[in-house]
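In what follows, a single structure is set out as structure tokens and then discussed.
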Amino acid sequence: MKYDLIIIGSGSVGAAAGYYATRAGLKVLMTDAHMPPHQQGSHHGDTRLIRHAYGEGEKYVPLVLRAQTLWDELSTHNEEPIFVRSGVVNLGPADSAFLANVARSAQQWQLNVERLDATALMTRWPEIRVPDNYIGLFEADSGFLRSELAITTWLRLAREAGCAQLFNSPVSHIHHDDNGVTIETSEGSYHASKALISAGTWVKALVPELPVQPVRKVFAWFKADGRYSTKNRFPAFTGEMPNGDQYYGFPAENDELKIGKHNGGQRIQAQEERKPFAAVASDGAEAFPFLRNVLPGIGGCLHGAACTYDNSPDEDFIIDTLPGHENTLVITGLSGHGFKFAPVLGEIAADFALGKTPSFDLTPFRLSRFSQ
């Protein structure tokens, strides 16, 4: 059987692509080396932030606004919401370049963002402590996503729509010819007109020339109480320290507050190098500078986990066809800020399989930018 689209890697982007392409009437085969959702890829742990006024650059705003529409639609397929509108407060020095980008994005796209000085911040959320030179940019319409629920929902909807799914079966080789794309797996060979490579952190095992660097990252849960929960209107947050370190975190659930450090980490080359949480001496203390100064009421570390970023050289996404192979789309290099975009990236992949022109300017995400 020849498929219209084969998806290599069925985590967040691949799961979304499988659903949207199958819903559009295409014959789709989703593959994964493991059984998604799993803990081997870039994303695991149950929550991910979604921010609209985007500190990483205005080029992302149209994508994240479309993603929000798709998240809201996906949430209708479950009793438990996938998106929780907790609000997100971005904290940092008043001269922060990241916060300047957030403010610029908000102004250009007329987003609901409120600017608070240090006094106003600490009045609204007495749990937060910041220096006098800090500000907060509060996005009331943003919040967080239940990531594993999202992936399982896409997988279920795709399967119910007739999508073929081949999991626990790594792809060992990809072949291109005039008739399309052939993949080799432990279960045999499969052929399609087009392919999506969304293999996340370990994409270089299949496409070694891609400029993607895996980085081991950790996050942890700390003892909290009801003051830090959504029931008390405590928001999700990003925070920049005076030395430039970037942190992110979520409202407490079951008296546990999850926090991670966005920058830093350990460069690795293979999956077995991703040691578990606490295997690196700094793991347990990584969040202390932020917690001690900004959230001093939070208690000790309860447990943690390790994940992996698939970093591009400039930490912007890679969304492009493989050089010399216009029938194969690669979505990678999401650099630790990609999950919130998963539905729109999946939709872009489905449009690629349908032969449609993208609805967005993807020029900033082309591979050619690295050869200029």
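Cβ from N, Cα, C; glycine included.
Going by Swiss-Prot, these are the annotated features:
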type	residues	note
BINDING	4-34	FAD binding site
MOD_RES	CYS307	S-8alpha-FAD cysteine
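This view paints the features noted in Swiss-Prot onto the structure.
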residue : record                : CB count, 10 Å
ASP4    : FAD binding site      : 18
ILE8    : FAD binding site      : 26
SER12   : FAD binding site      : 31
ALA16   : FAD binding site      : 33
TYR20   : FAD binding site      : 27
ALA24   : FAD binding site      : 17
VAL28   : FAD binding site      : 28
ASP32   : FAD binding site      : 28
CYS307  : S-8alpha-FAD cysteine : 22
Integer Å distance between the CA atoms belonging to CYS307 (S-8alpha-FAD cysteine) and ILE8 (FAD binding site): 20
Candidate nearest the residue listed as 'S-8alpha-FAD cysteine' in space, where candidates are the binding-site residues SER12, TYR20, ALA24 and distance is Cα-Cα: SER12
DSSP-derived class (H/G/I helix, E/B strand, else coil) of TYR20 (FAD binding site): helix
CYS307 (S-8alpha-FAD cysteine) - helix vs strand vs coil (DSSP): strand
